[in-house]
Amino acid sequence: MYFNVEKVVYEGPSSKNLLAYKFYNPEEEIAGKKMRDWFRFAVAYWHTFNSRGEDPFGSATFERPWFKKDPMDTAFAKVDALFEFCEKTGVEYFTFHDRDLAHEGLTLRESNKILDKVVEKIKEYMKSSNVKLLWGTANLFSHPRYAQGAATSPNPLVFSYAASQVKKMLDVTKELGGLGYVLWGGREGYDNLLLTDSALEEKLFARFLEMVVEYKERIGFNGVLMIEPKPKEPTKHQYDFDASTVLYFLKKHNLFEHFKLNIEANHATLAGHTFAHELRVARLNGKLGSIDANRGDLLLGWDTDQFPTDVYETTFAMYEVLENNGLDCGFNFDAKVRRASIDPEDIVYAHVSSMDAFALGLKLAVKLREKVKPMIEERYSEYNSEIGMKILEGKTTLDELSSYVEDLTDVRVKSLKQELLEMVINDVIFGGR
């Protein structure tokens with residue numbers, strides 16, 4: 001037993017039990033769907049089972065009981081820990097990079113054989129468990145070979161190695177029944193613009209994605225392909241800067257129909273956006289596929305990957321998810337306990353509190369939408385006028401619009417009512433009305 005806790009269950013808002021769900025009731029129906037279907041919560045293998053608590057200024061602080069002397073023993077023990085964790089928390093999905101499951105061998109062939117052994121153990125567990133794979137991905141950023149990029153590397157052998165890793169992980173994701181596959185270009189970008197052939201690297205990145213699409217279709221993988229935007233870190237400037245940048249890139253290279261986005265909260269703040277902003281950009285373009293649920297520290301300039309317990313932020317996020325009628329995949333907790341939180345049980349506390357924060361956010365977002373929709377309709381109501389409809393329907397010209405306003409002495413705009421909106425938000429969150 002790796003986690004010294006009882007099974008966490010829903011007990012409702014009045015429960016005094018800290019390790020009980022107060023708001024996340026997987027069977028409760030909200031806005032036409034069960035909570036479990038709105039969320040599909042997932043535990044991230046890398047932060048939860050791989051992290052040792054290192055940071056740039058200090059060594060490992062986590063002595064996890066699944067860390068063994070032999071790397072294969074560790075790999076198998078991590079699988080045991082995964083399924084125990086999911087059983088005790090009710091988390092029904094997981095996500096992983098290829099190198100999260102097992103160490104890298106001397107050759108790619110050897111690495112794939114090692115990976116296959118761990119995948120077989122996961123498949124055995126899955127036969128008697130409800131735990132499923134949300135999405136898979138390949139680690140194309142940790143190994144020194146990727147120091148200058150993977151798909152955008154100046155070395156075609158590195159490009160080929162990265163392509164081979166993705167090929168294998170598409171196979172594994174399909175084999176495990178994953179709902180999607182994510183590509184994150186942590187090393188796809190530049191540190192020095194003068195040393196960068198930007199046109200060539202853009203072409204390489206597009207060609208890489210074209211081959212991913214071709215292979216996905218050839219093997220009959222029915223999951224959704226997704227790109228995860230991030231503006232920087234580890235690269236100074238990444239090509240997948242934010243949702244708008246990625247969507248433009250996909251449009252330019254005729255890849256738009258093949259990909260959706262996996263939006264991460266902390267990546268949004270690093271790009272100078274709110275989490276809800278990035279969700280909306282993806283949603284309005286029909287490209288909101290999945291969410292990496294976490295939060296950043298606005299006073300720090302790096303990816304802190306904290307657990308998402310801010311109910312304001314979860315409410316605004318769930319507003320966008322409601323408007324999107326859900327997600328293709330789900331909510332992956334790309335978050336890590338703090339370096340000083342050294343007990344395995346801290347991982348449980350973090351996930352339970354975050355799942356509750358999103359469940360409460362969903363309930364509040366339903367109420368908020370009821371209050372805000374009429375305010376939005378009132379704000380734009382003047383476009384229901386004759387001239388407003390002509391503008392919207394493309395039935396007017398600059399000449400007609402000029403003649404319409406040239407003799408007006410005043411044009412008044414209605415009050416924005418932002419202060420009223422802020423009152424409404426607090427009334428919903430704290431008053432439950």
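Just so you know, the numbers here start at 1 and follow the chain as drawn.
For all residues, glycine too, the Cβ spot is worked out from N, Cα and C.
Its Cβ taken as reference, H97 (active site) is surrounded by 21 other Cβ atoms within 10 Å in the chains shown. Residues or ranges marked as active site by Swiss-Prot: H97 (among others).
Taking the Cβ of D100 (active site) as reference, residues of its chain lying under 8 Å away and at least six apart in sequence are, in sequence order, Y45, W46, F49, N50, N139. Positions annotated as active site by Swiss-Prot: D100 (among others).
Shown in sequence order, E228, N262, I263, E264, A265, N266, H267, N332, F333, D334 are the residues of the chain, 6+ apart in sequence, with a C-beta less than 8 angstroms from the C-beta of D292 (Mg(2+) 1 binding site). Annotated Mg(2+) 1 binding site per Swiss-Prot: E228, E264, D292, D334, in sequence order, evidence recorded as sequence analysis.
Taken from Swiss-Prot, the feature Mg(2+) 2 binding site applies to E264, H267, D303, D305, supported by sequence analysis. Counting every protein chain shown, 19 other Cβ atoms lie within 10 Å of the Cβ of D303 (Mg(2+) 2 binding site).
Note: the Cα of H97 (active site) and the Cα of D303 (Mg(2+) 2 binding site) are spaced 18 Å from each other. The 10 Å shell around the Cβ of H267 (Mg(2+) 2 binding site) contains 30 further Cβ atoms across the protein chains shown. The local packing around E264 (Mg(2+) 1 binding site), expressed as other Cβ atoms within 10 Å of its Cβ over all shown chains, amounts to 27. With a cut-off of 8 Å between CB atoms and residues at least 6 apart in sequence, the same chain places H47, N266, N294, G296, D334, A335, K336 near D305 (Mg(2+) 2 binding site), listed in sequence order.
For the binding-site residues E228, D334, the largest tally of other C-beta atoms within 10 A is found at D334.
Of the chain residues outside the Mg(2+) 2 site list E264, H267, D303, D305, K230, A265, N266, L270, D292, N294, G296, T304, D334 have their Cβ within 8 Å of the site's Cβ mean position.
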